[in-house]
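Asker: Once you've had a glance at the structure underneath, I'll fire off some questions.
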Amino acid sequence: MTRWSRAEAAAVAEQAVSFKELEVSASCLASFFEIKEKFYGKFMLSICLLKRRHQQEAGSERRLVSRPMPGVVAAPRPTAAMELPVEPQSLKKLSFKSLKRALDLFSPIHGHYSPSDPESKRIRISYKVQAEFGSVANLSGQQAREQNNPGGLGKGDQASTATALALPGSQEAKASQNDGNQNAIVPAPTMLPKGPEIGTASRNTGTVLSGTDRYQSTSALMERIPSRWPRPTWHPPWKNYRVISGHLGWVRSIAFDPSNSWFCTGSADRTIKIWDVASGRLKLTLTGHIEQIRGLAVSQRHTYLFSAGDDKQVKCWDLEQNKVIRSYHGHLSGVYCLALHPTIDVLLTGGRDSVCRVWDIRTKAMVMALSGHDNTVCSVFARPTDPQVVTGSHDTTIKFWDLVAGKTMTTLTHHKKSVRAMALHPKERAFASASADNIKKFNLPKGEFLHNMLSQQRTIINSMAVNEEGVLATAGDNGSLWFWDWKSGYNFQQAQTIVQPGSLDSEACIYALSYDISGSRLVTCEADKTIKMWKEDRSATPETHPLNFKPPKEFRRY
């Protein structure tokens, strides 16, 4: 009796397993491709013969190895390390091999496809003709009836519609159309009018585009509707022309004098500095706060300057005496924003206590507390008419307030991130709000959403301002300064601030910006302790800086 080694027994077992997988793959192949019974029988017969032949060859090799010839020294039996490993074959690979073998056996001509069915081809062509030229066929039939009956159409003619497709041809083809074959492709007169008249066009349009024909007309026949998006107005690019140094900390706030002769800035060094607009020289330094100053406002009717900071204090400075004459106490945490009412002596402040407080300037009394936000109130502006107070908060909402009743009029929930900045247009009854997700424009007084700006700055926007010419400027936390066309929302310039020598690159951040009273100069307050002034490049022309404007394809509501 022949004794096999462990390696030989493993090889035979693997061959048996492979043949078992081959049988399974053949059965799967037969069931999947629906091979006929006789072909499947031949295929299984060939597999069985191949299996028997393989077994016979393996048995003869084993007999030769176990019974050497007389006089011949038997070669040493190869050990397990010397034997070649049997390549494992998966069921997927065996199935592909079986598929190839089946194609070799049963496919007489490779690449030979069965002829197409003429009936299906006719149905496909007729449907395509009807889908592409259905409306043209109706239009041509209507024109043909009008030419044959110039006096007018009867009731029967109005009810019936022809579906013949008109092709250029001779006048002899009209007889075939009148014979009753309404679905045929009939040649039309060669001299067709270039364009229908206004009266007949409206009548034909009502006939052609009724029902489902309006959705089956081709793009060549459809009227091209121009984009409803307004085209942007060309604005010259802005450039930096002056850098002012003087603060010892981050510059966090800015306000302009109504006479446009000076502006003031508040900083993290707890000082307020007053600068000359024309020359950029320092005129005055005011000290009194014990934390950084986050908000500034200059009164248009009094010689007062108002400041607010992280020390919970709101101060009123008399610029004739250059000292604090009033302090407004009531905030429970830092004050982040500040605004003056344009017509009455009322001061508005918002801070980390989630409340917008209304102060009487003269009596220092808090008139009311506008509570309703769930997080920090970081932006506020006032209007002479309702809504007189508009606030933006870190809770992603914008609220319109009734100043008489002290209640919320409207809450806008369009933003998904904190509303850190808002800008009221000086002429239009609209305002823009900035968040990390998008910049949105709203109508006043109802707060209707107008549109988004066409680009995303993709950073935290700390401040924004708009001038009378419709140039909106937004300042980002990464030092980006983008300029937008107010009407269309088109971003026509993307500037990047440059930190002063000795500062870190991470200090390229703009905390506040404001236009001067004329709107011709822009001043930015930055984290590198500098103040930068910008103006329009007068040498630029529409030819040197053309508009690359592409209107959006759709209106996005949110």
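Cβ coordinates come from backbone N, Cα and C, glycine included.
What TrEMBL says about a protein is an automatic prediction, not a curated fact.
Source: prediction; values computed, not measured.
Features from TrEMBL:
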COMPBIAS  138-150  compositional bias 'Polar residues'
COMPBIAS  173-184  compositional bias 'Polar residues'
COMPBIAS  201-213  compositional bias 'Polar residues'
REGION    138-213  region 'Disordered'
REPEAT    244-285  repeat 'WD'
REPEAT    286-327  repeat 'WD'
REPEAT    328-369  repeat 'WD'
REPEAT    370-411  repeat 'WD'
Asker: For the repeat 'WD' (370-411), what are the same-chain contacts with Cβ under 8 Å, counting residues 6+ beyond its ends?
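Answerer: Sequence-remote neighbours of the repeat 'WD' (370-411) are 336-343, 346, 348-352, 354-358, 417-424, 431, 433, 435, 442, 444-447.
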Asker: Per DSSP, what is the helix/strand/coil residue tally across the repeat 'WD' (370-411)?
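Answerer: Result for the repeat 'WD' (370-411), in helix, strand, coil order: 0 helix, 23 strand, 19 coil.
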Asker: Cβ under 8 Å to the repeat 'WD' (244-285), counting only same-chain residues 6 or more beyond its ends: which ones?
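Answerer: Tertiary neighbours of the repeat 'WD' (244-285) are 291-298, 300, 305, 307, 309, 317, 322, 500, 511-518, 521, 523, 525-527, 529-533.
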Asker: Which numbers of helix, strand and coil residues does DSSP report for the repeat 'WD' (328-369)?
Answerer: 0 helix, 23 strand, 19 coil
